[in-house]
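Here is what TrEMBL records for this protein:
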- 30-53: transmembrane segment (TRANSMEM)
- 86-522: domain 'Amidase' (DOMAIN)
- LYS151: active site, charge relay system (ACT_SITE)
- SER226: active site, charge relay system (ACT_SITE)
- SER250: active site, acyl-ester intermediate (ACT_SITE)
Amino acid sequence: MGMENIVEQWNRGGRLYDMLVAIMKTLKPLFVIILRIYCSLVCHLFTIIYHFLSREVISAPQNKLLTISATQAAEKIRSREITSFDLVEAYIKRIKEVNGTINAVVQMNFKEALIKAQEIDDMLESLDTNSEKFKSLAIRKPLLGVPFTLKDSIEADGLYCTIGISCRKKSVSSKDAIVVQRMKDAGAILLAVTNVPEVCMWWESINVIYGRTRNPYDSRRISGGSSGGEAALISAAGSVIGIGSDIAGSIRMPCYFNGVFGLKPTSGVIPLEGHLPYLNGYRIEKMLLIGPICRYAEDLSILLKVFAGHEGINLLRLDTPCNMKKIRVFYMEGLKIPLVQEMSDEAVRYFEIKYDLCATRIDPPLVHYALEFFLTSMDVTDAPKFAMHMTDLKANINCFFELFKWLVGKSVHTLPAIVTGIMDEHFTPFNEEQKQKLRSQRDRLSREVEELLSDNGILLFPSFPTEAPYHHQPLFTPLNFAYTALWNTLALPAVQCPMGLNNHDIPLGVQAIGAPGSDSLLIAVAQDLEKGFGGWKPINS
């Protein structure tokens, strides 16, 4: 099926598959009106409530070492323009400065990081700059001396890995996750571990061990989840690069809320060994990915190369230059969820003007089943229930009883986790026939989008329906993660790009989606948008 036929079929609106779909489509206008009124009331209510609470903001860093990319920092360390010790020390001071406000760092590795940085400086001092060993450093150890951080769901030898579960608060990892080992092999220095929601299955980073992470642009707002601590710290210039993971937008949502870059790469390229919780199932293995988070778009490439290893570099053709003059741009105005901030329109106009092209608007009917596709994809036969994961698979808990304990302040679990456990145990939205149909429709949509985008096409899509919500607000609009979860269910790579600040100094952004293997193109798009819109911006810039 050619691209023109696909777009024409999508924009015609598709077919009615059965009577249930026909009824839902008939009632949809009424439902959308009710949803619009509800979401508007929720937003206005929270705006009023939080208007009376003080807003704390993280100011721009003053130390110039904190305003260079990891790529530039590594080059300067190798050329001895700066020392690794000074760079690491600068980030340690910055973490101590900002963490009291944002509560992003939950475990510090400062002493060991400074020792490692000094060892690197001493090694460089002893090397002959004309030697082959020195000349090969940029290839063998491209991140030599650069500090990095990671979310509290990825194992690092000798450090706690709690995934926000109270019973794991003393669980020490005995080895590095593969991606952490690759970072260390590349010369990077582990500096700290950052906060996550309980079991990493909510889009606000809060747990009973470490508490709640706050947005550096407005402490009254969420940082997102599940890589919320990582994105908040990088945005606050407490780290320059970090490791996140994404199963429903867990990299891209926090990056959007915090105004930084985040990549959900092509499935199956970066190994998941050492990532917790362990989730099995064919589709989940395509949906759950480890990916980079950074302030500067140029670091996406070097991080993806390190994460992917030699085989991944060849598979993704990461060393092959992208010809942006041949790019094809498609765009969609979002899902049928109101209050969308369509920064994708700004990105569309930017590419149309810069590359003298005409972007194509699409509206595949099946895209609007994003939530149904996600729920079906997460439904794995014989997999442990969510309540089991709340105890690190040690026991099954009664989530109704936990809800009662939470109401009286006695539970060691968060409300989102408890409610998720109840829904997982007692809510079955689809029968087997419906599941099969949804899976078939999901796979069909995935094939059609992949064929449409091919090697040089991107789809610009809103990152989220609103700006970063206030704390607790996600409890009342829990389904808005569909904007990012859709691309996990379709197993398509996506990059989140910051697009400046709004009138309230809150970050805006857009997602760019590509076909599998188009990671280099997506990184080039991110770098292009950074040039056009300024990328990460501290609040007082």
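Backbone N, Cα and C atoms are what each Cβ position is placed from, and that goes for glycine too.
The number of other Cβ atoms within 10 Å of the Cβ belonging to SER226 (active site, charge relay system), over all protein chains shown, comes to 32. Rounded to a whole value, the Cα-Cα separation of SER250 (active site, acyl-ester intermediate) and SER226 (active site, charge relay system) is 5 Å. According to its DSSP assignment, SER226 (active site, charge relay system) is coil.
The two recorded residues, SER226 (active site, charge relay system) and LYS151 (active site, charge relay system), show a Cα separation of 8 Å. Cβ neighbours within 10 Å of LYS151 (active site, charge relay system), excluding its own Cβ and spanning all shown chains: 33. Counting every protein chain shown, the number of other Cβ atoms lying within 10 Å of the Cβ of the residue listed as 'active site, acyl-ester intermediate' is 36. Taken residue by residue with DSSP, LYS151 (active site, charge relay system) is part of a strand. Looking only at the domain 'Amidase' (86-522), the predicted model's pLDDT averages out at 96.
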